[in-house]
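Asker: One structure, pasted below without further comment.
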Amino acid sequence: MTADNKSIIFDYRALRLLIGIIAFSLPFVATFLATTPISSISASYYTEARDAFVGMLFVVGAFLLAYNGHTTRQKIASKVAAFAAVGLAVFPTACDMCNASTVPVTCLQCETTYKSVIHFISAGTLFSILAYFCLGPFREKTKRQPGKKGRRAVIYLACGVIMLLSMVAAVLSELPPLKETFKGYDVIYWVELVALCAFGVAWIVAGKYLSPLVDAHERLT
């Protein structure tokens, strides 16, 4: 392997690792920095965690924008996901905390119907594309493979399915019958936390820095 090839491989692996670490840590950082209980990770926008929440989503967006994958389809998908991540940060979710925000919130920052709709669409787009990466490109060369590649394929499959199920759960939890039943359980918070953790785990594993999941010939050293 030439020095140039090693540099290219390191770059995309490092991007995957960084994207994964930030995604995995985002819900925990947002929860820790929020001084009041939050009903969803997105609701941290209306707390002291806002800067961290927005900043981390912008960083994820920047890294996804820089990530090109191995095909034109993957390149386009990562770019769309990048803008979706930024959309999550720029357009706040609908939240009762808007009027009781613990940090100064201007009228422009406070939620309006169109902003919450864009936030919802951005979330659906982002996690749909992330699930695509898990179930498609990441598994493409690892499924039905023995050893450590096979282990990675199982993790990608699990993470992709978890993200898809999380989106379904989020939608169902907002339907009238279930919304009343699960009121007070902060379903959206847990759904977002699980989805972000699945996102993070998949991309950390795809970075191929974890020795138990990487064969000797796949290592850069």
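Any Cβ shown, glycine's included, is placed from N, Cα and C.
Bear in mind that TrEMBL entries carry predicted annotations, made automatically and left uncurated.
For 21-46, 52-69, 76-94, 114-133, 154-175, 187-210, the entry in TrEMBL reads transmembrane segment.
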Asker: Mark yes when the transmembrane segment (154-175) and the transmembrane segment (21-46) have three or more Cβ pairs under 8 Å (sequence separation 6 or more) and no when they do not.
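Answerer: Per Cβ check, the transmembrane segment (21-46) does not touch the transmembrane segment (154-175).
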Asker: By a Cβ-Cβ criterion of under 8 Å, what residues six or more beyond either terminus of the transmembrane segment (187-210) are in contact with it?
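Answerer: Contacts of the transmembrane segment (187-210) (Cβ under 8 Å, skipping residues fewer than 6 from its ends): 13-14, 16-17, 19-27, 38-43, 127, 130, 133-134, 138, 152, 155-156, 158-160, 162-163, 166-167, 169-170, 173-174, 218-219.
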Asker: Determine which residues of the chain contact the transmembrane segment (154-175) at the Cβ level, with the cut-off under 8 Å and only residues 6 or more beyond its ends counted.
Answerer: 123-124, 127-128, 130-135, 138-139, 142-143, 182, 187-188, 191-192, 194-195, 198-199, 201-202, 205-206, 213
